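Per TrEMBL, these features apply:
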- B:50, B:51, B:100, B:128, B:131, B:260, B:261: carbamoyl phosphate binding site (BINDING)
- B:79, B:160, B:221: L-aspartate binding site (BINDING)
- B:2-141: domain 'Aspartate/ornithine carbamoyltransferase carbamoyl-P binding' (DOMAIN)
- B:148-294: domain 'Aspartate/ornithine carbamoyltransferase Asp/Orn-binding' (DOMAIN)
Ligand SMILES: [Zn+2]
């Protein structure tokens, strides 16, 4: 048993069914919850550990959500702000799927375009679409670039 | 199906091909009515008489017909119809759509809903690829496009024609001199893209310091609303005005371009000098747009 597992075990117990998001950059668990739409008024049973000692990251956050398996577009959102995270889908206490959070080449419906004149910010029947070029995200419709503070543009 | 949405969608071969085709049309005219029985739908959601008329002229010269949307105030857009729906409907009426729209990215959206080719006639502060092709064609009439030294003057922060032209010139390894007052320089993201594409970008705050080295000077307007007070607008506009005396000592083959309409940017006394090419540039709108229409409809 490595020290990561030991620390986690002390802080939050294993779950029966659901999702464990591990290796979130220390202190960013609350942003992950926000982009998953989890607030005090939603029903999920959620455990959060922040600033757990991690051999790989120094400090990391861990989020466990019971009875909810993340969808691919939710994984895309997490990838944007926590590129080192790993996502484990748990069924009957076993990890049945391990998703890395690779940022895809195109992000559809994940970010709101910061350009108020962009056609995606109107009532047209389209989702926002951003191309990922390294650390820059470029709106496919209006060419607006999001280079920093990505989390504030996540829908 | 081929759309013309952004100049960025065109590589060098495609641009060269359009320029050659426009040049042949300008000299020999088009074949007899190649677009006879074709209909061009002109959807102008904001006024732009010149762009609309030059597309109309191009289509009529090719033997085709044009269909106008009419005023936006009487159209179904006024009743709240989405652009996507308008485009789906007009796709059934026209063989090609030229769209002018106040929102950026409108043409890209239209191309996703249209069953016919879409040509962007300018969307908000976004793209206007036919204008850039006209600019390139006009430069090409005077000199090879490769490795030119071009000065871009005016509001380079918000000026869509200069952005699009600068981007297109990365295909030809241009040396770009960005001449603007502080605060209205090229956006950082565009400079990044230009340099990434291998272009040299040099910034200046006066025209005098660079004009004698240039092959092309591309002048655009300053918009009054970008300035905090009228006095600072007039000061800036005056210090960037092109006059005969400013042009003393420039290269013999310098050409002066402006997408028009101009206000005070160029002294009318410059019009008769050999450098002035902006009226020729405006006329070039027709053969260039003829070439584009032939590409998408033939
Ligand atoms: Zn946008």
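Heads up, residue numbers simply count up from 1 along the chain you see.
In case you wondered, yes, glycine gets a Cβ from its N, Cα and C as well.
Residue B:128 (carbamoyl phosphate binding site) has B:160 nearby among the binding-site residues B:79, B:160, B:221, counting only those with a Cα within 10 angstroms of its own Cα. The Cβ neighbour count for residue B:260 (carbamoyl phosphate binding site), using a 10 Å radius over every protein chain in view, is 15.
The binding-site residues considered are B:50, B:100, B:128, B:160, B:221; of these, B:50 has the fewest other C-beta atoms within 10 angstroms of its C-beta. Residue B:79 (L-aspartate binding site) is surrounded by 7 other CB atoms, counting those within 10 A of its CB over all protein chains shown.
In the three-state DSSP assignment, the secondary structure recorded for residue B:100 (carbamoyl phosphate binding site) is strand. Looking at B:51, B:131, the binding-site residues in this record, the fewest other C-beta atoms within 10 angstroms of the C-beta turn up around B:51. In this structure, residue B:50 (carbamoyl phosphate binding site) is part of a helix by DSSP.
Residue pair residue B:261 (carbamoyl phosphate binding site) / residue B:221 (L-aspartate binding site) shows a Cα separation of 9 Å. DSSP assigns residue B:160 (L-aspartate binding site) to a helical segment in the three-state reduction. Within the set B:79, B:160, B:221 that the record links to L-aspartate, no two Cα atoms are more than 35 Å apart, and one pair reaches that distance. Under the DSSP three-state reduction, residue B:79 (L-aspartate binding site) is assigned to helix. Restricting the binding-site residues B:50, B:131, B:260 to those with a CA within 10 Å of the CA of residue B:221 (L-aspartate binding site) leaves B:260, listed by sequence position.
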